[in-house]
Amino acid sequence: MFANSVRAGLRAASRSSVRAMSTLPARSAPRFGAGIAAGAAVAGYAMYEASKNPVLLEGAKTIAGEKGTIKPDGVSRQLVGKIVSRFEERGYKLVAIKSLTPSPALAKEHYSDLASRPFYAGLVKYITSGTPVVAMVWEGKDVIRQGRRIVGATNPLESDPGSVRGQYAVSVGRNLIHASDSFDAATKEIGLWFDSAELAEYEPTAWGWVMADN
Ligand SMILES: Nc1ncnc2c1ncn2[C@@H]1O[C@H](COP(=O)(O)OP(=O)(O)OP(=O)(O)O)[C@@H](O)[C@H]1O
């Protein structure tokens, strides 16, 4: 489950904005990520699990986090259930989920690291099209790295066939879902997309069986 320190950090971050979120102590870094998959926002993200051995993604870039967000094409194509099932069946805990149409300001902040890219304007337009996105936060061991594997490579041409993008997408510009690619990104994204009160605390029935190391 979430370490109290981590949970406290996330809640503080959610209350205090993105900058506050990024101040979560590295030693408290959980082995998870948050992600948003779907519609637009990247909250696809995914989640976060407290860990005694912090694991940050090697060479990770800022992303939405695990937080995961199902983008508008994922919602319009009615793939939300299938995508959520991938995380649930793997054993990850759903901490938060909501459907919304992000504002241009939210979309721009979420993808701020891509502002100089030629596809940025189209990306923001796509995410804010009016078809909602589904923002999620998932928790569990290695959820950021595993979440990225579940989602698949950015370009469907390079995605593993068993991944979400590898099975359902053909275009990099319509790749269905976003998932945070690092702890810092997940923390930032969870804070961008969710209020602390939206992050649930509970223990799934088989949590111990799924997350135990020995
Ligand atoms: N060449 C491109 N043309 C159009 N859209 C692109 C292109 N490259 C990336 N994108 C869009 O920008 C998003 C963010 O790109 P990024 O390089 O951060 O990949 P990613 O981290 O796999 O994606 P995401 O952040 O959505 O999970 C991609 O998911 C895709 O929707």
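The backbone N, Cα and C atoms fix where each Cβ goes, glycine too.
What TrEMBL says about a protein is an automatic prediction, not a curated fact.
Same-site candidate for ATP binding, as annotated by TrEMBL with Lys71, Phe119, Arg148, Thr154, Asn175, chosen from Arg77, Arg165: Arg165.
Counted over every protein chain shown, other Cβ atoms within 10 Å are most numerous around Asn175 among the binding-site residues Thr154, Asn175. Among Lys71, Phe119, Arg148, Thr154, Arg165, Asn175, the residues given in the record as binding ATP, the maximal Cα to Cα distance rounds to 22 Å. The secondary structure of His178 (active site, pros-phosphohistidine intermediate), as reduced to three states from DSSP, is extended strand.
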